Amino acid sequence: MKIRRIEIVGFKSFVDKTVLVFDAGISAVLGPNGCGKSNLVDALRWVMGEQNAKNLRGQVMEDVLFGGSDSRRPHGLAEVSLVFSHSAEIQHPLVKDFNEIMVTRRLYRNGESEYLINRASCRLMDVTELFMDTGIGARAYSIIEQGKIGSILHALPEQRRSLIEEAAGITKYKARKKAALRKIEATRQNLVRLGDLIGELERQLGSLQLQAERAEQYRRVRRELRALELLQACHEWRRLEAAVQDGCRAEQELQLQLTSHQARIDQLQLQLEKILLQRAEAEQQLQQLQQQVLQHRSDAQQCDNDMRLLQQQQQNLQRQRQEGSGELQQASQRQQLAERRLQELTRQLDDLGRQARCAQEDWQQHQQALQTDLELDRQQGVALQTARQQWQQANQELLQRRTAWARLEQQQTTAAETVQRQQVALDALQQQGTQQRQTLAALQAEVEQLRQARQLSEQQQQQALCQRDQQRQQVQRARQVQQQVAAELNLVQSRHQSLHELVTGGEDVGADTRALLADSQLCQLGVALLADGLQVPAELEEAVAVALEQQLQAVAFDSVAGLATLLEQHDLPGGRLQLPRPALTLARAPAGVPLSDCLVGDSAVAAAWLNGVWLVESLWPFLDQPLAAGLTLVTKRGDSLCWRGRLVLAGPQSTGQLLRNRRRLTELAQQVDQLRQQLERETAQVESQQRLRDTAEQQLQHWQQQLQQLQLQLRGQEKELELAQRNEQQLGQRLERQRQQLHQARQQRDRLQEQEQQEQAVLVQLEAHCRELQQQIDAQEQQWQQQRQQLQQAQQQLAGLQEQAARAGEQEKALQQERQREQRILAEQQQRQRQWQQRLATLEQQQAQQQTEQVRLQQRLEVLLTQLQRDEERLVRQQQQAGDRRAEGDAAETALRQLRSAQQQLQQELVRQQGGVERLRQEQQALRQRMEERQPENLAQLAAAALEPLPLDADRRLRRLRESLEGFGEVNLLAIDEYAALNQRYSFLAEQRQDLETSINDLQAAIQQINRTSRRRFREAFDQINACFQEIFPRLFAGGRAALQLTDETDLLETGVDIIAQPPGKKLQNVMLLSGGEKALTAVALIFAIFQVKPSPFCVLDEVDAPLDEANIGRFNDMVREIARQSQVILITHNPRTMEIADQLFGVTMEEPGVSRLVSVRLSSLAPEMRGQA
């Protein structure tokens, strides 16, 4: 899955379309600071799904759009496309049938964004899943910049764990686990809601069953009433339909009369249009004749003007011919003067030519003599130069000998110093050996002490760990209790809220009662539902409900003051009202207790209505006994016996739902308060246990840190001990080498003393030879100077002759130029004379043409005057015809107005007739609407069919049926459908609850499987990366050691990862104490180790080599070459040595301010010597 190319448009500084084509191997991106190199890395992150603008070096996501420059406007679209080669490791369904994968991301300035895979629109989740567990992605280890190098070491161990997870390939497992946990939480919440719904449905099913039976009886009576109303409406419809048909016939007769009038109007309209058309044609012809007359007059005037203009042009031509003749004579005179001046200049040029030839012969003779003297001077110069070269060679050899003698003297001094220094080093090594043995003994004692301290710290850590686990278990138990109480509180609150909405909304009372309670004027008198003022024990609810029956839904008054006035002035909705009345004194029952004495609280209205109602254990003893007037016996199960002999037995369904709802509401409110208090107590207990747990964890962390420090110190001391032992061995070897070096230095010093004496003897001989050569050179230079003076005199004479020849040449050149100028003047005069001759001929020709044109214009003017007279006569005749047509049109318009007036009267009569028909139809429509509110059938179709006769007592039967319906009171007609729907919903919700419970079990099993797989793969990846890290670290540091450690090996799902590093020559220490370059190499070693275990398809290194020195750069480049064997490497660097390993170079420039440009070079195709220069 290698990168083939990147296409960027409008992203940050890459405003124009930029395409980077990558090959296998190593590619390097270089350029000056600020030119946009890192924008390429940001583009890679962005297209792979990065959502945090700060990770793209911005504040908001709109910052990735090109913001404009001095010469360019801001860009409204940012688009980046990343093209990969397809590989077998990608099994995503969107790309399985493609050989190439293109991932595209677009962002518009209005905030809209798009994701595409192979040009098909997709989601961000699809892009994330495409790169998951491949090692590449917006935050994977395949993209490493300089800042991330530091963040790897500064990160917490738990954050550093993500690198191992990505390499282990468990990222997708973690994503699936998080999704499963979210589903479990959502499913549990759904289960709670389902439980509430099912409980509420169970309470509603019983009440709805009774309501459904009563609604069925109500429907039977209503169907009979509607059938009779429909029959009466059909007969009324037939009567209205007959009246409508009579009106329509009268309307049709009026319509026929209107049609006849309209035909006559149309005929007159056609005649009028014909007359108007003829009048328009006459007027048009009149206008054409007027225009034609005007045109002929204009043409005659124009022809006369043209004739006057031709006369003026003829006068101008005559004047030009006269001027041309005079100019032709003057040009002939100037031509003669130019010819005489040209002959004089030719004679002067011949004289100067003879003088110049004589001067040239004298100059050649002096030139030959000068050449002879120059040759002699050259020979003497060559001899002098030869002598000088011999002296320089001798002097050079003398200098070399002196330098060699000085170098030997310096080497001798250096050799003596070396002997002395080697002796001092030998003494120092002997003293260092004594100190090293003392240090070795001290380190052995310190290591033994640290081992004992580590054993004691491990025991303390184990005790703290056991205490921490116990506290965690206690916190977990307290949380479970808290969650159970909170869940129970939520359940009770939900039930209380549902029941409160049911009671306050009046859904458990009739519509009449709700209307009375909602009346604003009635509420001012202080009213309340009778059932709201009763506090009935649970065991007496059925008895009180049977005793009060429908009166429970009555609206009770505390006082009747103002009620009479309200009833007179205000139209109250229908319903039951309960006025305050004193209780009457009735006879006592033969057994039982008064029911009003069993109620809780004091309610005068309830006492008045329950007067004479007695509560007994059973009715059966009183069935054959007469009761006193006004007495009623009830039982707790709801049976009642009236003094009139009416016995009511309790059915299977409850009748005390109204009272039960209010009692249940009070109980739920008390239960909510109790659960809130219990939740506060449990919350306090959880916080207390958490504080104890935090204390235990702090103690455990203290002992873990102390143990870790002791382990680091122990490892450091053991390493120092091992290093001291090696140093002792190496010190003995260095002593032996130092003795050998001292002996070799003494031999070198003696050999240099002998060479110095030999060089000094040769130096004396060379100095004598150089003095002799210098004397010879001085004599030859004196003779050569004399010869040079004679040569200079001859050159001066030659220069004088040459100057005379030059003056003669200049005079000749000036005369030639003047002759050429006169020749040009003569040619110009001849040319001008020919032009004037041609112009005179042209003027004569134009004058003849104008005379011909003047004759033609005179003839045309006579023709135009004749046509003008004929057109004016036609114009008079056409004006008379137009007047006749206007009179005919006025007569036709008068007749048309009379017919239209008669038509308007007929239309008014038709409108009146249509109004009557429309009123009848409105009555039909009102009848239809009135019946459609009650009957869904089509009234017109029913009326057209055969109807049975309307009964004579139809009105009486309708009144009786309506009274029966009113006697039912408030009926819930939807109860039947609601009961069926509620029962079906109850079954459906029960099945849903079972499905949700099964789903939770399946998800928990899947999470356990994910955890097992994640632990195994994390352990395997960690061990492999740790082994590679321990191997790569010494290679990058040229020594030292490092390792990875888990912070909690017992919890592989959450454990962090620590880095232990010891560069060569240093103690084992915390990585945060390393230098910048060491930190960078340590982080690079970890990244390279991950690549060794799981190579990603490509690796992007953004200025990772910046903090490295020359020595480390070489080792860094070697590792990069190894990675390039398996992965595609993209480097962003300023280092020349790093550029040398690249197979392809991309240069980023900013020729235009704010706009990045790209230049690429493929180095693999260049010759080796050219590649080295690049």
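Cβ coordinates are placed from backbone N, Cα and C, and glycine is handled just like the others.
Curation plays no part in TrEMBL annotations; they are all automatic predictions.
According to TrEMBL:
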DOMAIN    3-1156  domain 'RecF/RecN/SMC N-terminal'
BINDING   P32, N33, G34, C35, G36, K37, S38, N39  ATP binding site
COILED    170-218  coiled coil
REGION    314-333  region 'Disordered'
COILED    426-467  coiled coil
COILED    658-923  coiled coil
COILED    979-1013  coiled coil
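What TrEMBL annotates, mapped onto the structure for a quick look.
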| residue | record | Cβ contacts under 8 Å, 6 or more apart |
| --- | --- | --- |
| P32 | ATP binding site | T1149, M1150 |
| N33 | ATP binding site | none |
| G34 | ATP binding site | M1150 |
| C35 | ATP binding site | S13, V1148, T1149, M1150, S1156 |
| G36 | ATP binding site | K12, S13, F14, V1148, M1150, S1156 |
| K37 | ATP binding site | V29, L30, G31, D1102, I1132, V1148 |
| S38 | ATP binding site | R57, E145, D1102, E1103, I1132 |
| N39 | ATP binding site | F11, K12, S13, F14, S1156 |
CB-centroid shell, 8 A cutoff, ATP site P32, N33, G34, C35, G36, K37, S38, N39, site residues removed: S13, G31, V1148, M1150, S1156
Stretch-level contact, the coiled coil (658-923) and the coiled coil (979-1013), CB cutoff 8 A, at least 3 pairs: no
Per DSSP, three-state class assigned to K37 (ATP binding site): helix
Integer mean pLDDT for the coiled coil (979-1013): 82
For P32 (ATP binding site), the three-state class that DSSP assigns: coil
